[in-house]
Amino acid sequence: MTPQAFTATVVGSPRIGPKRELKRATEGYWAGRTGRAELEKVAATLRRDTWAGLAAAGLDSVPVNTFSYYDQMLDTAVMLDALPERARQVSDDLDRYFAAARGNSDVAPLEMTKWFDTNYHYIVPEIAPTTKFALNPDKVLSELKEALAQGIPARPVVIGPITFLLLSKGVDGAGAPIERLEELVPIYAELLSLLADNGAQWVQLDEPALVTDMCADAPALAEAVYNKLGSASNRPAIYVATYFGDPGASLAGLARTPVEAIGVDLVYGPDTAVAAVPELAGKTVVAGVVDGRNVWRTDLAAALDKLTTLLGSAARVAVSTSCSTLHVPYSLEPETDLDDALRSWLAFGREKVAEVVTLARALRDGREAVADEIAASNAAVASRKSDPRLHNDRVRARIDSIVASGSHRGDPAQRRASQDARLHLPPLPTTTIGSYPQTSAIRKARAALRSGEIDQAEYERRMKKEIADVITLQEQLGLDVLVHGEPERNDMVQYFAEQLEGFFATQNGWVQSYGSRCVRPPILYGDVVRTHPMTVEWISYAQSLTDKPVKGMLTGPVTILAWSFVRDDQPLADTANQVALAIRDETVDLQAAGIAVIQVDEPALRELLPLRRADQDEYLRWAVGAFRLATSGVADSTQIHTHLCYSEFGEVIGAIADLDADVTSLEAARSHMEVLDDLNAVGFSNSVGPGVYDIHSPRVPSTAEIAESLRAALRAVPAERLWVNPDCGLKTRNPDEVSASLKNMVAAAHEVRAGV
């Protein structure tokens, strides 16, 4: 059967629901408030509405199997029967799935890390020597049948075998998972046959790993694998999707295989990639010309120019997003506070689908058919270029002056001596990363302030009570360096964005970070200006309640960029320095208020690292420079902390050392302290706090378990440089879990401290 050609599609779509319905349903299930039937009903409704909306908008190929209760890599591990043995002990299939993702009282969760250079986190499959791959196609077949029954032109989407293995982790003495690629090819061939038998005309196999340098043999592997899969006698047409950058030599390799379509990211990859591969002349090129991971409106005229150049290089050209719209909010419609100019510059998920359809129509019927849409796009482009909010001469001049004079602090040993004399901390000092649980009282107060039920003064009174409670709790637990708990902050980036010029904070711009965790990235559209202190009053109040040091808590410039939708009209380095200047001014004001410890978090340092090694040094140069610009305005006696989240730390370990923070805390529990060896390898000599327990899991670690982690850390870090802290902030945990875990952490620190 000849597959029906398609002209307009998207790589994938969000699954959390336009009002975060899936978040509420899964959290209700985890808490035991609702049952499986209720959860599955919500999921089915979300799938139905998503598919219907995409088809109604004009897509003639709709991705399915992009829904997930937690994560698509975990879904693929289930499909390949590759869950670890410890999770298999759970008899119920859904509870087994969630145990692998989140852990429970008996099962440690799988590791979690960033999905390429995005802020989405995926669950890392473990491939052991005992892992026996086998096909479990129930989910993908079920969703295909659902969609076809609904009359949807459905295209199942599955993570491809190369990407699955390159993003998995070998355990228990296993070699690199990619060494087992040959075992997966017949399983994928079996899947293709089942999909064809159940009515799929097309299948999309996602291979974003091909745009990275993760495997030098990737181009050859891609050609070999897709030659075999493309030669299968019973299969749908195959569309191999690459995204997040340039597939390089893999593009030509794929073009030499029998697959029918290849997706290319023409937003984050070069426009010339397709023209350089003559073998594409017989293929459908799925052209990712609409940015799937940022919120700026597409310049339709420029995108059409790109598409037109492709027409002579491919048998067919289909229009698509550059990647899944999982990474952007659902729609601009709820954003009623947007001014007309800013609104005209933006496109969220629904608007991006409309852009794809418009561009496909222009290719089919000519530019005249979409003349009004092109005119509106041109007007938005012109409006954005001329808006005065995009340029502040004073900020730019200050940055130039500071950078020219150098952004360096004093000698680390001298700083440590000065800080020791000021702080008088014991060996293995205990602390937490920053946030404490956002209680129902906090959320109610925030909602009451928004609705006008309470005024700002009453809101501040309630937040100060929360701060006082957190300070009291920490003193009772015996922590050494305290935090104020951040009750006043809705989000560690949005809180600052709401107080800085150049940002717009959305009302409903939610995107998935991991599992049920959703974030609302602000939009950074203009030059960044700090007009007033943002945290000093809250931190000073917390410090007034205790004789122990309270950390000032700030978010670093790279993380603010990584977790925002950032302007694309100037280099990221320039924008990072503008944010860094605002943070620098805040650190100076905190120091003037008597705060002796200031934490500038950079959990997303690894996130923005370019996927190709050739581009990485330049990024790390300006990322480190921005952090130093933010932190070099304080005295040697002020202790600067930073915190970094799950990532492949080894790739940026030199940059972590170059940040030159006095204390660096890192997520390390799930990866079993592996990062400490990496730090030692680059001669890291400042203090470090490797996370001693995993806060992403609801399980409470025992004192013995934490003590064991501390002793493991002491084998790599001397006691005088080792701090004791959880993996990350505690915002998403419940208060009982936090108290029990921290009690055990402090007890473990005392136990180990006695022996050093």
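Indices start at 1 and increase along the chain as displayed.
Using the three backbone atoms N, Cα and C, a Cβ is placed for every residue, glycine included.
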Quiz prompt | Given Swiss-Prot lists ILE433, GLY434, SER435, GLU486 for L-methionine, the same-site residue among ASP305, ASP589, ASP601, ASP615 | solution = ASP601
Quiz item: GLU475, GLU602, GLU607: which one does Swiss-Prot list with ARG20, GLU21, LEU22, LYS23, LYS114, ARG517, CYS518, TRP563 for the 5-methyltetrahydropteroyltri-L-glutamate site?
Solution: GLU607
Quiz item: Which of these, GLU667, GLU705, GLU708, GLU751, does Swiss-Prot say binds Zn(2+) at the same site as HIS643, CYS645, CYS728?
Solution: GLU667
Exercise. Name the one residue among LEU22, GLU607, CYS728 whose Cα is closest in three-dimensional space to that of SER435 (L-methionine binding site); these are the binding-site residues.
Key: CYS728
Practice problem: Name the one residue among GLY434, HIS643, GLU667, HIS696 whose Cα is closest in three-dimensional space to that of LEU22 (5-methyltetrahydropteroyltri-L-glutamate binding site); these are the recorded positions. | Solution: HIS696
Quiz item: Near the L-methionine site, what residues other than ILE433, GLY434, SER435, GLU486, ASP601 in the same chain have a C-beta no further than 8 Å from the centroid of the listed C-beta atoms?
Solution: THR432, VAL483, MET492, MET553, GLN599, HIS643, GLY729, LYS731
Practice problem: Sorry to bug you, but what's the C-alpha spacing from ASP601 (L-methionine binding site) to LYS114 (5-methyltetrahydropteroyltri-L-glutamate binding site), rounded to the closest Å? | Solution: 17
Self-check item: Which same-chain residues, if any, lie at least 6 apart from GLU486 (L-methionine binding site) yet have Cβ under 8 Å of it
Solution: GLY434, SER435, TYR436, MET492, TYR495, MET553, GLY729, LYS731
Practice problem: Pick out which of the binding-site residues ILE433, CYS518 has the most other Cβ atoms within 10 Å of its own Cβ. | Solution: ILE433
Quiz item: Does DSSP give CYS518 (5-methyltetrahydropteroyltri-L-glutamate binding site) helix, strand or coil?
Solution: strand
Practice problem: Check the Cα distances from ASP601 (L-methionine binding site) to each of the recorded positions ARG20, CYS518, GLU607, GLU667, HIS696 and keep only the ones within 10 Å. | Solution: none
